[in-house]
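Per Swiss-Prot, the feature active site maps to 180, 389, 442. The disulfide bond feature in Swiss-Prot is assigned to 84-353, 248-262, 286-319. The N-linked glycosylation site feature in Swiss-Prot is assigned to 372, 405, 431. The signal peptide annotation in Swiss-Prot covers 1-25.
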């Protein structure tokens with residue numbers, strides 16, 4: 001081979017390497033369609049390949065702390081579902097942007113800044129996980145079903161590779177966080193990281209703890225706690241509650257079909273709560289369709305979300321689901337996808353929650369993971385519940401925490417903001433803090449200021 005050809009070949013290889021680097025590297029986003037002017041924070045988006053042959057490409061949004069990103073904690077955050085996009089957390093719950101619902105008259109929805117973003121004091125990776133969620137995709141048809149344990153392994157692999165690409169964050173305190181169904185997966189991710197660190201896998205992850213909001217823990221137990229919760233909140237009578245307890249023996253999920261008395265009482269219970277918004281029992285249900293989209297017969301939240309995604313029955317601006325419609329319009333816009341550097345043709349229609357994704361719920365309870373994590377590592381944990389959330393009632397969360405038999409170091413007491421009671425808290429010897437948010441719903445979006453104050457105090461090591 002001539003010297004000239006060797007030089008050409010070398011140049012070609014260099015170009016290929018540079019091209020590959022451009023594909024793998026994150027993109028810094030300074031402008032977003034719908035937001036006026038420069039973004040007032042540092043946003044990156046990108047993909048990281050995981051699994052066999054890196055066929056699974058996980059999409060993420062990364063926002064640097066607006067305070068001191070060199071030293072502030074780094075959080076990897078998972079949305080619930082399963083298969084609800086990270087954009088939900090970023091735009092509706094704990095991020096620095098949200099959709100403007102007032103005055104929308106068609107076209108691309110507008111984005112506005114929020115006042116209580118958790119990125120004011122921490123850097124956050126918002127991850128579209130599992131594959132098939134948000135903008136995450138697979139380069140080939142999957143030969144397996146995404147699952148809880150699979151998601152835990154892939155999230156650990158993602159974090160390792162992200163830190164290799166961003167070594168400046170390796171020494172930052174790292175936390176894993178999530179809400180709703182992520183309560184099943186986050187403790188398993190913590191265990192994966194712990195095992196990896198123990199085996200000396202590189203990079204070592206400077207894991208300090210985890211954060212769970214209104215977390216699912218054991219789906220049957222979570223559901224069973226709705227009956228006593230409904231009684232505590234005055235949604236069912238004393239007589240009905242006592243009859244349910246006695247006749248159904250505390251099992252309201254898998255009712256024996258021969259127990260006709262229990263089935264009849266469950267019907268009576270359904271009549272009492274069928275028009276209650278489980279996400280926040282204080283607000284009205286959206287009358288998008290009949291029968292009630294929150295009834296178990298139609299899959300609850302997933303049925304309501306399907307209506308929004310199908311455009312068959314659109315919510316009005318006063319409906320809490322209206323912003324989800326705006327998110328769908330925005331995330332499916334070609335200009336938006338181009339600015340976010342979404343791989344063209346990688347997914348079809350973007351959905352806030354992909355309820356049709358085949359998914360194996362192979363972790364029946366995350367309680368054993370909590371136990372293991374308290375033994376493996378000296379981790380801090382924050383578990384918070386809003387007292388008006390009926391999707392995952394706080395009394396079920398209190399029950400599984402109690403089952404861990406941790407000793408109490410700071411007993412039940414109110415916590416305050418501006419001398420007002422915001423909720424109640426209790427701290428345990430294993431560095432677990434439990435907190436309630438008074439008047440809140442299923443996610444932080446219903447009480448953004450209070451949720452931020454709780455997070456800010458806890459992440460800085462101060463008592464609530």
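Each Cβ is built from the backbone N, Cα and C atoms, and glycine gets one as well.
Neighbours of residue 405 (N-linked glycosylation site), defined as other CB atoms within 10 A of its CB across all chains, total 8. The number of other Cβ atoms within 10 Å of the Cβ belonging to residue 389 (active site), over all protein chains shown, comes to 25. A count of other CB atoms within 10 A of each Cβ picks out 84 as the most crowded of the disulfide-bonded residues 84, 262, 286, 319, 353. Nearest in space to residue 353 (disulfide bond), taking C-alpha to C-alpha distance over the active-site residues 180, 389, 442, is 180. Spatially close to residue 180 (active site) yet at least six residues away along the chain are 79, 80, 81, 84, 213, 214, 215, 216, 391, 392, 442, 443, judged by Cβ distances under 8 angstroms. Across the structure, residue 389 (active site) and residue 431 (N-linked glycosylation site) are spaced 25 Å apart at their Cα atoms. Residue 442 (active site) counts 24 other C-beta atoms within 10 Å of its own C-beta, drawing on all protein chains shown.
The CA atom of residue 248 (disulfide bond) is located 27 Å away from the CA atom of residue 405 (N-linked glycosylation site). Candidate glycosylation sites: 372, 405, 431. Nearest to residue 319 (disulfide bond) by Cα distance: 431. Cα to Cα, residue 372 (N-linked glycosylation site) and residue 405 (N-linked glycosylation site) are separated by 13 Å. Residue 405 (N-linked glycosylation site) has 431 as its nearest neighbour among the recorded positions 262, 286, 431, going by CA to CA distance. Annotation note: residue 248 (disulfide bond) sits in a helical segment as assigned by DSSP. With the fewest other Cβ atoms inside 10 Å of its Cβ, the least crowded of the recorded positions 248, 431 in this structure is 431.
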